[in-house]
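Worksheet for the structure shown next.
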Amino acid sequence: MDETYALERKFYHPYMQVLFSFVGESLCLVWFCAVEGVKKFKNKEFNKKSLGSTANNTQLFEAKYMMLFIPAALDYIATSLNFISLTMTSAGSYQMLRGSVIIFTGLLSVGFLGRSLSMAKVCGILLVTCGLLTVGSADEIQQANSNQNLSDSVPTDWNRVKSGKLFMYDTTIKIVLCDILVIIAQVIKAIQLTYEEYFIIKYDVSPLVMLCTEGPFGVLLSTTFCIGFYFVKASPILTNDPDGHLENPIEMFNQIWDNCILLVPIILFIFTYAASSFFGTTVMKRYGATTRQVVDAARTFSVWMVSIFCKWQTFNIIQLVGFFIVMLGIGFYHEFRITNCIKRMKEMLSITNAIEEKSSLTESLPLQSDYQSVFQMKT
């Protein structure tokens, strides 16, 4: 999406993309209303007791779910920093630093939620992090080689052109700033996930209800900031807008009108974010925030396969090794060991052998009808 050109410039709107992510979470509200409507249609009769306690339940709902504004705000800050840093650096370095969220989430879960991590889980976390580092380093090397062979046929990025002058960014400052933003974003994301795990366990909240509440909070927050950022003039390091706006929603709609193909990735992003948020929250409620992030690391493999299939990226054997390390780390985290598999296979084989022996014994024994015929002959 960020590499798509419209009106002769890149589609660079990180804060509006954060708004799209919260719109995806808010779609769960439609699903929730549909589920509740089906329940009310099936249960037409209501108890007087439940009707009498509606006011108390409403007060409890308002007092409890207003606390979800905190993770919505943390999610907004972390997602904004992720989008900004992703547009300022390569996907490889971003992916390498993004793997640190697993370590931060594990430490916070142990420190604040009282969870314990076995040696297998610690090894799994370290392996997943090493795998992401391998994937990111391979992507970084591949991008460096492609930049050397970059042709002059790339369209001019007019976002960096203003008043006839071309802004030249300090590469060192940009890289250091991007790395700091990614690390801060991962720490904030880990705090958000730990808080959500605490909330969802303490109040026994359904993942669907949690997203239905957190999504509209995020939409309200991100819409307010997007409107406010339009009146903020920022440095060219932080924005590519030709007029210097930190965010320009009007320009975004003009670019979509100029290139309608942008609607396809935007709509796909909204729906896929809704699905991934729901499944991720479901995993978090049952297994914890750290498990959610470890499993989420496998999503990188599917993205890589789609990129290879669509020829957006060339095949790299180092990335395949990195993904193998990630999968191995996920297996270690879930204490999936080869010895346990061998033991279970032996148990299954012993059970099948016992069943076969039992069936052979029953076939060798005379039937009940034979016993009856023999008894009648003797009498």
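Residue positions begin at 1 at the first shown residue.
Cβ coordinates come from backbone N, Cα and C, glycine included.
No curator has checked TrEMBL annotations; they are predicted automatically.
What TrEMBL lists as domain 'EamA' is 11-135.
Note on the transmembrane segment (15-35): residues 1, 72, 75-76, 79-80, 83, 208-209, 211-212, 214-216, 218-219, 221-223, 225-226, 229, 246-247, 249, 252, 266, 269-274, 277-278 of its chain, located 6 or more positions outside it, place their CB under 8 angstroms from a CB of the stretch. Taken from TrEMBL, the feature transmembrane segment covers 15-35 (among others).
Residues or ranges marked as transmembrane segment in TrEMBL: 65-84 (among others).
According to TrEMBL, the feature transmembrane segment maps to 96-114 (among others). Nonlocal intrachain contacts for the transmembrane segment (96-114), taken as residues 6+ away from its ends with a CB within less than 8 angstroms of a stretch CB, comprise 82, 121-122, 125, 128-129, 131-133, 135-137, 140, 179, 182-183, 186-187, 189-191, 193-194, 197-198, 288-290, 293-294, 297.
Here TrEMBL flags 166-188 (among others) as transmembrane segment.
Taken from TrEMBL, the feature transmembrane segment applies to 208-232 (among others). Remote same-chain partners of the transmembrane segment (208-232), defined as residues 6 or more beyond its termini with a Cβ less than 8 Å from a stretch Cβ, comprise 15-16, 18-19, 21-29, 31-32, 35, 65, 68-69, 71-73, 75-76, 196, 199-200, 245-250, 274, 277-278, 281.
Residues 1, 4, 6, 11, 17, 20-21, 23-25, 27-28, 207-208, 211, 296, 299 of the same chain lie 6 or more positions beyond the ends of the transmembrane segment (260-279) yet place their CB under 8 Å from a CB of it. Annotated transmembrane segment per TrEMBL: 260-279 (among others), in sequence order.
Feature annotation from TrEMBL assigns transmembrane segment to 317-336 (among others). When Cβ-Cβ distances below 8 Å are used as the criterion, the transmembrane segment (317-336) is approached by residues 118, 120-121, 123-139, 141, 291, 294-295, 297-298, 300-301, 304 of the same chain, each at least six residues removed from its ends.
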